[in-house]
Amino acid sequence: QEFVTVLVRDPRIKKEDSWHSYIDYEIFIHTNSICFTRKTSCVRRRFREFVWLRQRLQSNAVLIQLPELPSKTPFFNMNNPHHVDHRRQGLQEFLEKILQDVLLLSDSRLHLFLQTQLSPEDMEACVSGQTKYSVADAIHSFASLNRRFPIEDEERKKGKNDADSDSESSSSGLGPSDDSISCGCKASPASEES
């Protein structure tokens, strides 16, 4: 049975400059779906990147009614835990619904959004073939810069010689993974669900 677990969690306030701040959220994915290049990944995204994703998915799948994002209210207060958690829940529900649609799962932008830290501009360039790297290369390259998750290590040990395993190869030209760098993600999704 295929599954995709997505968690939107750990909102953090980031300073853009001395006047502007924003909140970004950690997106944790754990899956056994053949649609995904990586079986476990973790990235951070801000609200406006979710808006960009929804617009791109809608333009590519005009006949599908996409779920709504939480409304962008002028009264949103990033120092109010209730406001922040309400938005976090809305973003998680949005992704959960998106990930149930097979047609949307075929969109490369969705995978780059969920499994790399590329900016929207770089995702567009990658999808349209204007980069030296493919979508799969971008996802593997991002993963190799981040520490592997315990769950993924167990799967790798079980299927070490299996051609379908999600193992990395240093012959890809992207180099071996560096386990000393961490994206700061928590590896235990079960304790985070609320």
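Backbone N, Cα and C atoms are what each Cβ position is placed from, and that goes for glycine too.
As recorded in TrEMBL, the features of this protein are as follows:
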- 3-120: domain 'PX' (DOMAIN)
- 150-163: compositional bias 'Basic and acidic residues' (COMPBIAS)
- 150-194: region 'Disordered' (REGION)
- 168-182: compositional bias 'Low complexity' (COMPBIAS)
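Here the domain 'PX' (3-120) returns a mean pLDDT of 94 for the predicted model. Using DSSP to sort the residues of the domain 'PX' (3-120) gives these counts of helix, strand and coil: 45 helix, 30 strand, 43 coil.
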